[in-house]
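Look at TrEMBL and you will find A:1-22, A:469-495 tagged as region 'Disordered'. For A:1-14, the entry in TrEMBL reads compositional bias 'Low complexity'. The feature transmembrane segment is assigned by TrEMBL to A:31-48, A:60-81, A:88-107, A:127-147, A:159-179, A:191-215, A:236-255, A:261-277, A:282-301, A:364-386, A:406-427, A:439-458.
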Amino acid sequence: MTAPATPASSPATAGERPGVRMARSRRNAELSLLLLAMALVAAYGAMVEAKVLDTVTPGFWVPAATLTAVFLGMHLVIRFLAPFADPALLPAVALLNGLGVGFLRRLDLAKAAPEERADLAIFAGIGGRQLAWTLISVVLAAGLLALMRDHRSISRYAYTLGLAGIVLVMLPAVLPASISEINGAKLWVRIGSFSIQPGEFAKLALLVFFAYYLVRKREVLSLASHRFLGIDFPRGRDLGPVLVVWAISLLVLVFEKDLGTSLLYFGMFVATVYIATERVSWLLIGLVLFFGGAYLAYVLGDAVGGPFANFYLRAQIWLDPFAQPYDEGYQLVQGLLALGSGGLFGAGPGGGQPLLLPEVQNDFIFAGIGEEIGLFGLSALLVIYLLIVERGLRAALAVRDSFGKLLAGGLAFTLALQVFVIVGGISKLIPLTGQTTPFLSAGGSSLMANWLLIAVLLRVSDAGRRPVDGAGGKVTRPSGPPEQLHGAPTEVIKP
Amino acid sequence: MNAPLRRVGVVVIVLFGLLFANLNWIQAYKADEYRTSDYNGRVQVAKYDRKRGNIEAGGTALAVSKETDGELKYLRTYPGGAKYAHVLGYEPVNGSATGLERAENDFLAGTSDQLIVNRLRDMVTGDTTAGGNVLLTLSKRAQDTAYDELRNNNRGATKGAAIAVDPATGAVQALVSIPSFDPNPLASHNTNEATSAYNKLDKDAARPLRNRALGEVLPPGSTFKIVVAAAALENGIGQDTNIPAGSSYTPPTSGEAITNAVPSICPQAEVTLMKAVTDSCNTGFAKLGVQLGPDVLKEKARQFGFEQEDLTVGRLGETGLGVAASRTGSMANPDGGTDPAALAQSSIGQRDVRMTPLQGAMIAAAVANGGSQMRPYLVRQLLAPDRTTVYDTANPRELRRPVSGQVAADLRDMMVSVVQNGTGRNARINGYTVGGKTGTAQSAPDRPDHGWFIGFALDSNGKPVSAVCVVLEEAGSGGSAEAARIAGQIMRAAIAEPGGR
């Protein structure tokens, strides 16, 4: 396989279908956007140094350049392996990831003794570690792109992945707290100084399973809905899987003491069920089950305590964080104060006091960044997240097979939901729960899982945007069965 | 499947819209509140970059900021220690400041509008504006005396307060509350240390953080008779008018007899008002109160400053330390009519009558100052950071006129008689005319009595120089005599070294 020098103009003139615009890979647009994003990351690094060190060191560009090299490598991989993938995804993710690394490095600068600040090694501190994780994550994502030449191929492992997902979800819950509990949430597996969050990977594995399962189940559900035309609610036996997932997410809520993860799994499942069946009643059932369950946990936490006490406490903090500003409410209060101190324009990169925030490298990174870039900057970050999500949904719209639609739609929605849960949590929109902020938070598990998610989206978007008849010419088409049976109403490529 | 996918896209936009709206709420609408919140450490870091101004009294710095190497540049220290703690308060890194540190925060921190010129100048020169200095009215010697004497009182009382004011101006000469506390650990930059120091003080059953001189209300006992006497003088009773007395008085409807402290006090059927004040005749005043009625008593007390809820002591015309309201309480039956028993007991400063030490001093000050009660204040002057410009000099002002000059003169005579011939002999000062009134107030049924003394000193020209109130909580028998002695010592110190006016 050879790289098309100018992929945008490569499609053969023959074989185009009338009415369908000539497919363009837009790889050069991706490259330009990527370089722009990396220039922003470099500028951010320079501004941080100017503020924190009072001078810009000669090596300020090194982290940004390293990231650029890594992402350029990814760009090349996409050029070869997924030439029609969405061109906005990589630059958007790279910008978030780069700003995350920059902000973590900024924390290192603030923590280091003044005399050591100027010569902070590139892989030193949490910023450097995040840089290394980025490298590993991007390599993994590239590897996934290389191995998974057709997204439908992973449906073969759906049951394996489903089982693995459930094991990964339940693993921290069954392990003793000494191994799995950090800051009151049992989400971890700790081996020595190394800890991973299996839940981050579980959501990917489970989604593949959901998508596969629902594509098959969808047929039954469609038949069922025809048979019971006019009846709003599904048959009792169809409720089974929903109830199982509901029970699992409540178990997660209770035993892993984590509302966010529970909300994430359940929301993910309900969204995919809804996309698969197009029945609003599933959505209603899901919402009622979740909020009913959460309310029940709240009431039980008040009355019984025990495993529900943690959730009750979190709800109490959410309702009035300033009631105990130095104790239970400390994190949330400090997050709000950081955001408020940032105001509209922020204190400028490096100008804030992020070290006043607990967990600023993880849960509260959005608040820490928000203090420095203000409402305007945070709005821009939200728009970038929104862009990634909408691009993912667009890939779902464009792809022709049901499995791909469900997979991409589910993944995009999961990403959106995760951003909502953590950003809403730290800004007191919803009760705060420990979730990582995708691509920003320090930590390898989250970064790797989210890059794998992006790799899947890239793969699906490549499939969706690829000319139907292989007009890409030089690109080998994956040879799978034409599973486009459900794709009849699917649009092909519309601008 | 595309229709639900599009709807999911809409849901995502709604979710992000909620996030965006909520961020607007926090970062725009609530931003100022969060930025200046007491819990916000950023305020502190910025604040501690600037040298906070001194608080001084009589040329001695009582609160100063010292430069350190830490992240917070200036450390607030209190060389005056526990002695001035209730006046100055303290400025903690986390949490709220108290005392004058709180009330005068803007000027001390240099953020006051009055210092705008300094800030503009420093903006040009690139300096960081230091805070302004606050000069107090306190007499260092009177404050020392009050603190030491209260702590070493011969009754062994551990709780109490003393306050001295200049009757002619209202300038506070001394303000002490015991037990006190060392404010220095509370201002520590080590917030754990500060928090544990605070928690220890906060949990202390003796409540050392409480400013008893302004914030504690206790039954005033016989000191309240001055208010009753003032009402009597205004209702046709003279110094030498005989009023009914006796060794015991049982008000109608009450089974409980009111007696005198010792049987030798006013056992006869009638005594003069002068004699009744001098010897602190309970039966006489109980009957007098019943005769005058609750409305007259309550109104007189109100004219002396009872029931005022918004008085502050700090800078005149500005805020300061809050003062608890003194109360005369209910003297009525459940059915709304007057309860003679309650009225009789209230007339001797018991039942539901409650008074702050400051209120006691203000009664004495009004009597000494010819019936004019001056508004008390602590801040004499505000001085620019460079100590050249004076921004605000206190301009004494009358708070109210509780009694006429004639009534004040009669009350003065009777109070002087108390110190010369009666229960307040311990307060005498050579070369000065001292007047006063002792009080012994029942606290709780099984607890020792509180000892009170309110009084004043006039110089040889009859000009008032100091008015004072001392209370020793649960001091037991002899508490009021000890309070009178301490009051005399404080006034002597205030005469020897007057504070600023």
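One-based numbering along the chain as shown.
Cβ coordinates come from backbone N, Cα and C, glycine included.
The model shown is predicted, which means the values in this text are computed figures rather than measured ones.
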Between A:159-179, A:191-215, A:261-277, A:364-386, A:406-427, who has the most Cβ pairs under 8 Å to the transmembrane segment (A:88-107)?
A:364-386
Stretch among A:191-215, A:261-277, A:282-301, A:439-458 sharing the most Cβ pairs under 8 Å with the transmembrane segment (A:406-427):
A:261-277
Which of A:159-179, A:191-215, A:282-301, A:439-458 has the most Cβ pairs closer than 8 Å to the transmembrane segment (A:127-147)?
A:439-458
Counting only residues 6 or more past its boundaries, what in the same chain has a CB within less than 8 Å of a CB in the transmembrane segment (A:364-386)?
92, 95-96, 99-100, 103-104, 107, 331, 334-336, 338-339, 341-354, 357-358, 415-416, 419, 422-423, 426-427, 437-438, 440-442
Going along the chain, which residues at least six beyond the ends of the transmembrane segment (A:439-458) come within the CB cut-off of under 8 Å?
78, 82, 85-86, 89-90, 93, 96-97, 99-100, 103-104, 126, 129-130, 133-134, 136-138, 140-142, 144-145, 148, 151, 196-198, 200-201, 203-204, 361-363, 365-366, 369, 388, 391-392, 395, 407-408, 411-412, 414-415
